[in-house]
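Student: Here it is: the structure, laid out below.
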There are 2 protein chains.
Amino acid sequence: MQAISNQNVVVLKEEGVTLPKGFKAGGMHCGIKKENLDLGYIISETPATAAGVYTTNVFQAAPLVVTQESIAKEYKIQAVLVNSGNANSCTGEQGIKDATAMQKAFASQLGISEHLVAVTSTGVIGELLPMKKIHSGIKQILNKENAAEENFMQAILTTDTSVKQIAVQIQIDGKTVSIGGAAKGSGMIHPNMATMLGFITTDANIAYEDLHFALKDVTNQSFNMITVDGDTSTNDMVLVLANGLAENNQLTKNHPDWDLFVKGLKMVSEELAKKIARDGEGATKLIEVVVDGAKTQEEASIVAKSIISSSLVKTAIFGTDANWGRIVTAIGYSGVPVQPNAVKVAIGPYQVFENGLPCPFDEAEVKYYLEQETIQIYVELNQGNQSVTAWGCDLTYDYVKINGSYRT
Amino acid sequence: MQAISNQNVVVLKEEGVTLPKGFKAGGMHCGIKKENLDLGYIISETPATAAGVYTTNVFQAAPLVVTQESIAKEYKIQAVLVNSGNANSCTGEQGIKDATAMQKAFASQLGISEHLVAVTSTGVIGELLPMKKIHSGIKQILNKENAAEENFMQAILTTDTSVKQIAVQIQIDGKTVSIGGAAKGSGMIHPNMATMLGFITTDANIAYEDLHFALKDVTNQSFNMITVDGDTSTNDMVLVLANGLAENNQLTKNHPDWDLFVKGLKMVSEELAKKIARDGEGATKLIEVVVDGAKTQEEASIVAKSIISSSLVKTAIFGTDANWGRIVTAIGYSGVPVQPNAVKVAIGPYQVFENGLPCPFDEAEVKYYLEQETIQIYVELNQGNQSVTAWGCDLTYDYVKINGSYRT
């Protein structure tokens, strides 16, 4: 009997950022929010190679500026400090001073260089951080009672209804390499208008350039596919830390297991992205839009995002209404020059549009399908061989409720 | 005492498409909808010079194809026939045949050439028109009891909550020239995803090229400013008919009162556009976004539409929450390279953001302002001297309710 090679197997784990060797995490309530946890950390035993992707919003929040500058020093981060409840955004020079002070205080608590600490914030825009509470929190945060990954995941949330984590393991050079992730964010109508934070840890041994390349690549296929291009909040950020403790030979694009590592990283990113989309504010369903047969990836993305951003599609799915006309309309105004008669649309397994005409389908059957928690919309453009997947959520009464009274 | 010149005065009238000389309108229930009126007409005594602007959606509905071809014959239209309840969109060749049959039947009823009849439809996509009901309706529609402008305005509605009309009068060459309009449409999240129909009549004497030029110009500043560029339904159309019965000297761009005519046409278009925006599905407020100090009109439009399309801005205004951070965020992700520290934002008379920082303001006062029915957001980019105004509405529970169950 032949042994099954596990070389290309990515094993999914119900764990998160502390599965990779040498990482710990924790969180506490320091008083920014009324009750919930609001200050969290991830720490690596040793300085980890670090790469990030950041919001493209021209109003970039203070902690993102500070963290990018710090990473640029030697592409290493050993600790991440996150607060929720206040975004430290639109806070001018004082905001930069506060983010720097947060970084400095945590570095001093850990006895490491300041630039090895990444800081980030999420919450209300335009209010200064309550620094007294944060300083007091930083003094206590390393206490034993706060040391729990669950605490970290709770501490980064804002309007999220659930924590989001995922981890995978792969074998590289005979070593077990783990990749873990945690995220916060909500799949809004324009998803990235809400702050999205992603934290990925790995014990893989990998150089900065390759890590950054892989992160950008998988982000484009995961976090950015729950996003309308350019629609980013002032605080969006995805960070990856790789501390090398798995002791594999350094990963580069020429390593035989490079693709496997990227596959693992992509799985973590995609799962977190889907969890964010599913946890849309007030959402009851995850919507997955697959656009196939496009001339280019870009055209496929534009069409997919046009559909996933359509409030009319989103409300129809909330109402379990097989309103394929709204899907066709969203394809038609996307700006991509599709051939009307070549386009096919399916809702789940049900073909609903072909040859410029609706297909006969059983309303009751499709309605039953639309009552599921995950809804797939499949579009075939028949213009090429490029394909993308995008994710979003339905639009519900509760979305309006949550967002009509967020600040007050 | 000097006589006040009325040469540049545009007099607003609480009337509509039948104010201009020689136009009549009517409507009836022919059975496409369960109860409400669903078939309407406008007729001019004489063939009128006609121009139109049409959806840019690649899935263009059948009646738009037929109407465009008809207008192209001699740029004249004498009658318009509109049905609501069924959009005759995504209906293939049969849809074209049905639109042509509708046109032919009404022309025969009126005893005029087919190509002098414009047809248009609004309602559910992908179902064939119930031609038996429509033919039976066309036979009765000219009966006296249907002849009422109010009937026409009712017959073109779908999810609208109110009829929309406006008219103006101006003096040209000593003659009173009237311009009247009626519209249907709802200011959605992406406003033009719902069908918008505009019908403008005038007794002005004007040549086709100039009429078309003026219509395109004012549409860009009115109907298209409740629109996210390219987000158009399959049926959107604005038609203008000019029958010349006012007997002014033919208007051209060189006529001394050209600007006055354009001003009147713009006032009609802008008022209709604002009524559409205000009648957004489930909307409680009209939002007016003024972007000033832009380098170009295009950049000003992009920023204005980014704000007016933001579901987070719209829900905040519904919730009377002075959440200026969402406005700033929408400016920041619009794609226009603004200078963060140069941007100023005001909500009504209240300055809320300047120099990259929030301005102190009285929450209660701004909350009181946000309880009004018309909310103005003013943005100064400080990069140039171009300015635009865009309109939209708030996002409410009722939006979700209406659109979650439209088709069923």
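Glycine residues also receive a Cβ, built from the backbone N, Cα and C atoms like all the rest.
According to TrEMBL, the active site, nucleophile annotation covers A:Thr195. Annotation source TrEMBL lists substrate binding site at A:Thr158, A:Lys184, A:Thr195, A:Glu281, A:Asn403, A:Thr408.
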Student: Quick check on the recorded positions A:Thr158, A:Thr195: which one has the highest count of other Cβ atoms within 10 Å of its Cβ?
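Tutor: That would be A:Thr195, with the most Cβ atoms nearby.
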Student: Between A:Glu281 (substrate binding site) and A:Thr195 (active site, nucleophile), what is the CA-CA distance rounded to a whole number of Å?
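Tutor: With the alpha carbons as reference points, the distance is 12 Å.
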Student: Write down the Cα-Cα distance for A:Lys184 (substrate binding site) and the residue listed as 'active site, nucleophile', rounded and given in Å.
Tutor: 8
Student: When you measure from the Cβ of A:Lys184 (substrate binding site), which residues in the chain that are at least 6 apart have a Cβ under 8 Å away?
Tutor: A:Ser84, A:Thr122, A:Ile156, A:Leu157, A:Thr158, A:Asp160, A:Lys164, A:Thr195, A:Met196, A:Leu197, A:Ile276
